[in-house]
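**Student:** The compositional bias 'Low complexity' annotation in Swiss-Prot covers 40-51, 62-84, 103-117. Annotation comment: Swiss-Prot describes 85-102, 121-135 as compositional bias 'Polar residues'. Sequence annotations record features per position, and here Swiss-Prot assigns compositional bias 'Pro residues' to 140-150. Positions annotated as N-linked glycosylation site by Swiss-Prot: N88, N96, N118, N126, N164, N199, N246, N261, N279. According to Swiss-Prot, the region 'Mucin-like' annotation covers 23-140. The region 'Disordered' feature in Swiss-Prot is assigned to 40-162. What Swiss-Prot records for 70-129 is region '2 X 30 AA tandem repeats'. Per Swiss-Prot, the feature topological domain 'Extracellular' maps to 22-319. If you look up Swiss-Prot, you'll see 345-354 marked as topological domain 'Cytoplasmic'. Annotation comment: Swiss-Prot describes 320-344 as transmembrane segment.
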Amino acid sequence: MRLAVLFSGALLGLLAAQGTGNDCPHKKSATLLPSFTVTPTVTESTGTTSHRTTKSHKTTTHRTTTTGTTSHGPTTATHNPTTTSHGNVTVHPTSNSTATSQGPSTATHSPATTSHGNATVHPTSNSTATSPGFTSSAHPEPPPPSPSPSPTSKETIGDYTWTNGSQPCVHLQAQIQIRVMYTTQGGGEAWGISVLNPNKTKVQGSCEGAHPHLLLSFPYGHLSFGFMQDLQQKVVYLSYMAVEYNVSFPHAAQWTFSAQNASLRDLQAPLGQSFSCSNSSIILSPAVHLDLLSLRLQAAQLPHTGVFGQSFSCPSDRSILLPLIIGLILLGLLALVLIAFCIIRRRPSAYQAL
């Protein structure tokens, strides 16, 4: 009987122990939080690459953010923050930012933090924003025109007059062409000729004292003439000249040309007379020459009508004219000798045969 009671008591104790096993205070259910990687939502602009890695440990959140931004040209990259919090999170951010900017640019990077429970998050963000800039052309304007062909008529002979009130002070009549030596794309050198169009040329100038000035402006360039009056020698001459223009020659490596010369003494004529020359070349520099064809110029003591005074020929025309005159005189004398010889041969003899 005693054994039965002991056996029943042991059985009841065993059943009671199994029934309360789930409520054992010493047994604890554990929820394991695995390591995780959080990729925040990032709004990317063109040319921006962002990589963010977040690792979870235990107690305190330390975030190190290194941002390198290189911007060329007007670029704006913005990353809006996204924060989701569950539980207690302690964040100690450390941010190192390096920005190199060439041109106006704005870059804003905000971190994204996600926390679950008591966690320590060490996000490492390496963000690089690169925006290619733009290249401005060295020549923003359209290419200049090709040089005009050599003229075959008198249409390119311009008549340019500058008047101070009602009194003209400079009168220029000529066909103007500019010769330049330019470098070709292959590294060689070549001469190019551009002819001035009178219909597209604007005349300006000044008539101050003994230094009259004439400025001819045309598309893509201008010519400047400065004259000097020598009252002691009673002459006037060209003392200064400058040229600047853009023209596109075949296979040229450049199209902007400029030169000036302030030590000239050309186109000299007596006061009150006009200077005339069939072809006068002015050297502004070894690579820039100005040719004045069929030239007629007067820069002092012009009448109110602006008509040219007595013509004063250039030395080159006089040197050609003198041999021509001498040759014509000799040719005339030879013709007279031949005519006299023919007349004598035709005259009958004064003696008659017996």
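Any Cβ shown, glycine's included, is placed from N, Cα and C.
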**Student:** Of the glycosylation sites listed here (N246, N261, N279), which is spatially closest to N164 (N-linked glycosylation site) when Cα positions are compared?
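**Tutor:** That would be N261, nearest by Cα distance.
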**Student:** Return one of helix, strand or coil for N199 (N-linked glycosylation site), based on DSSP.
**Tutor:** helix
**Student:** Which of the three DSSP-derived classes (helix, strand, coil) applies to N164 (N-linked glycosylation site)?
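**Tutor:** DSSP call for N164 (N-linked glycosylation site): strand.
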**Student:** For the C-alpha pair, I'd like the distance in angstrom between N279 (N-linked glycosylation site) and N261 (N-linked glycosylation site), rounded off.
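**Tutor:** N261 (N-linked glycosylation site) has its Cα 19 Å from the Cα of N279 (N-linked glycosylation site).
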**Student:** Return the residue, from the listed glycosylation sites N199, N246, with the maximum count of other C-beta atoms within 10 angstroms of its C-beta.
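**Tutor:** Its Cβ has the most other Cβ atoms within 10 Å: N246.
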**Student:** I need the CA-to-CA distance for N246 (N-linked glycosylation site) versus N199 (N-linked glycosylation site), whole Å please.
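**Tutor:** Rounded to a whole number, the Cα-Cα distance is 18 Å.
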